[in-house]
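A quick write-up on the structure given underneath.
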Ligand code: 1PR
């Protein structure tokens, strides 16, 4: 039986990595190494070591040092045995990161530093917009440099310029200046290979390799079959395999400014029906009961549907436990089960929402902090958690507190521990028309098109946020909510619109524009998608939306995810990641 060892300093979604290895070959035996004594115990048997990490560089390095692992990992690498670093695992091979200051030192294998992506990237600023940070989504590799030569027809462990890989990070080995470029050249002449990525106009180190070491900034375990193949090549010691899965861009394809392909997300609203079964449902304006008999609309089983959408090429799957505010997820194990099972067959990012907040365990009466609940979901296989109702309460407190956080909220604690890329806020806004902007302290939108005026000819509106699945309306604007949550550490915004939900009439461009042009983190358009053209419409907007989500149109089988992508590709020459037609 072949052994794989994984360094586990409780940073990130190791469940998905284990699932990926077992998918490659179910005969692998996986052992986790948590500390020095375990490293020493297993040292002689380690042949393939995987070194994954997500979140904060400083937190990760501290954990390595506290557990006295750094020295052993360095010695292991020096001995020439095989190791694969992933995301912050790769970053820890660098010297220091802007994220954690000059006092925190990585393993320093490379005398290179990590910097934050610049939101004021010139090519964005020229268009009057900012680049979203974190860099989240599917990006390609610009150059493969082997033995100091650009060899874009070749691959490093399967990493190549033809495919797209899933990235999620704010900091990277950005090649900012000629000094860094020269250092990289010097490493190339010492046998280091590089895969160079590009986010906007910033070039960065997307992967490195030398002898038996390989490390990726992206997540191969979340990059579909092409990602799994990279892990497979590492495990099999295949350093320069042929590229077998070409995904060449069609002539004339229009790439995004960022380089990311248009990200299409399938969303599953999950709840128990009246028989107690967990079902995927979907409502109109959040009413999920059938008009005829008031039963909960049942559109299928969560794991089955999620797997179907993954196979259709979904770039990401979101599960929302829509009745979570009534059920504690500690007791509500079916949702954890859904995550666990889905993560065994789905190798793209999984987000879970519903009930992420501090709560009292009904059995013990003890407080269970939100970060612990998030941890349960991450351990089950989730990559991100989505916070809805609690985000509203947190934002209200932020403004009451003179625009300051308490340091204890779910958003702050989860992003501090797992990184802000792991924290999505799900916003459920409802439009409120007003005649005079002075009627509210929230920022308003002036409606330009008379067809869109309110029922009493109101020419202004703003979007009041709601909690508890639209049941409770708050006197807080969606924009104010998003600004507060971004300041507190949220990494992405899932922007619903109750007025448009289930309408099949297209996304709420007015609301999306207001939010997207005023925040720096990625925004996902949600609510209203009814056909592929609606995705084209939203991606065409000059406010540069980061991703678009569909629910009902996929559940009702009117279109597949691949239909949407093919439409975007064929009709408007948009760059998308098509469903994978390759064997592992
Ligand atoms: O408040 O943190 O416990 O999280 C609860 C989560 O459940 C929130 O993210 C909230 O948006 C969601 N939710 C609560 N009630 C409903 C409901 O529908 N009754 N669903 C609900 C919201 C939003 C989308 C939906 C799109 C696209 N669903 O994800 O799938 O609107 O639909 P469409 O493409 O068919 O138009 P908490």
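Each residue, glycine too, has its Cβ placed from N, Cα and C.
According to TrEMBL:
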ACT_SITE  87  active site, for GATase activity
ACT_SITE  219  active site, for GATase activity
ACT_SITE  221  active site, for GATase activity
ACT_SITE  269  active site
ACT_SITE  428  active site
BINDING   87  L-glutamine binding site
BINDING   355, 496  substrate binding site
DOMAIN    6-235  domain 'Glutamine amidotransferase'
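The separation of residue 496 (substrate binding site) from residue 221 (active site, for GATase activity), Cα to Cα, is 29 Å. Under 6 Å, Cβ to nearest atom of ligand 1: this is the test, and of the recorded positions 87, 219, 221, 269, 355, 428 it is passed by 269, 355, 428. Note: the CA-CA distance between residue 87 (active site, for GATase activity) and residue 428 (active site) rounds to 32 Å. Rounded to a whole number, the C-alpha distance linking residue 496 (substrate binding site) with residue 428 (active site) is 5 angstrom. Sequence-distant contacts of residue 269 (active site), defined by Cβ-Cβ distance under 8 angstroms and a gap of at least six in the same chain, are 280, 281, 282, 283, 288, 320, 322, 551.
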